[in-house]
Ligand SMILES: *[C@@H]1O[C@H](CO)[C@@H](O)[C@H](O)[C@H]1NC(C)=O
Ligand SMILES: *[C@@H]1O[C@H](CO)[C@@H](O)[C@H](O)[C@H]1NC(C)=O
Ligand SMILES: *[C@@H]1O[C@H](CO)[C@@H](O)[C@H](O)[C@H]1NC(C)=O
């Protein structure tokens, strides 16, 4: 507290000029800087939330999601039979999230919603990177982050349709890599552009750098797959308001619809299929392990996209992954 008071004295001076103040959060170790912009409160909170934003006034992800929880969720990832031993870790996830927390990733809507969003995002990740199967030790849900790449690609995923925008680089292979696996030159190109990393020439960076792999996945979660569509994030936290067409297509602001926007008819609109149920099971399992409890996920309807029409039907897009 003594030190915080010292800072307060200094900041009082700044306050006059910049309308800036500091909160010493009793039990929180990170200081939150607060100011008002046009009547709205915005904050900066440590290195995790380092751009002025209303979201940074809330807890950051590491305040409610810690190493032991990450280890619980992905408990089998470093066993000898896993396929990315030593690759994925908590630090990489938190480092990657720091680029998106000021935009609302894991910082929207209060603690329960914040924890639910982390569970939902990681539920998608865990399912897509799992090598668990029916009889796996620890159960099929304990094997998330077992992979960081597709093991036996049957092709190099070069789509010539995009030869002017995202031309394939000679020798590069665009098979699935990452936490929400990226496939195809067009998707490596778009992700690389957003993250300012030349993934079109170097798609292999994603399987070499876990922070980058998580950044790419969180970017996908936070960004609409197509213009005029919501992001999975906006759907999940309720920022998105369905149109009439969406309502007719049974698309609601729920976890179910995050599967729709990310995977379309690979997963949704096909009844109670395994591809869908597996993602839902990971989400619910993680809610339990994080101490929120699966009851918080809401009724089955909100978890399912079994009856939804796809945002992006397969026939008109290659941007959905498997
Ligand atoms: C921050 O958390 C509070 C509840 O603690 C919530 O009401 C508010 O909406 C959150 N802020 C943002 C920007 O989501
Ligand atoms: C991994 O990626 C992160 C984020 O893009 C970057 O800051 C870091 O330098 C990279 N690490 C290596 C060893 O290239
Ligand atoms: C709604 O659906 C109709 C029929 O499929 C379509 O013509 C129209 O463009 C859609 N409207 C919006 C806003 O997407």
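The backbone N, Cα and C atoms fix where each Cβ goes, and this holds for glycine too.
Among the features that TrEMBL reports, compositional bias 'Polar residues' is placed at 311-322. For 158-168, 268-305, the entry in TrEMBL reads disulfide bond. Summarising the annotation, TrEMBL assigns domain 'Glycoside hydrolase family 19 catalytic' to 69-295. Feature annotation from TrEMBL assigns region 'Disordered' to 301-322. According to TrEMBL, the signal peptide annotation covers 1-26.
In this structure, the disulfide-bonded residues under consideration are 158, 168, 268, 305, and the one with the smallest number of other Cβ atoms within 10 Å of its Cβ is 158. Across the domain 'Glycoside hydrolase family 19 catalytic' (69-295), mean pLDDT in this model comes to 96. If you measure from the Cα atom of residue 268 (disulfide bond) to that of residue 158 (disulfide bond), you get 26 Å. DSSP assigns residue 268 (disulfide bond) to coil in the three-state reduction, outside any helix or strand. Cα-Cα distance from residue 158 (disulfide bond) to residue 305 (disulfide bond): 30 Å (rounded to the nearest whole number). Residue 168 (disulfide bond) sits 34 Å from residue 305 (disulfide bond), taking the C-alpha atoms as the reference points.
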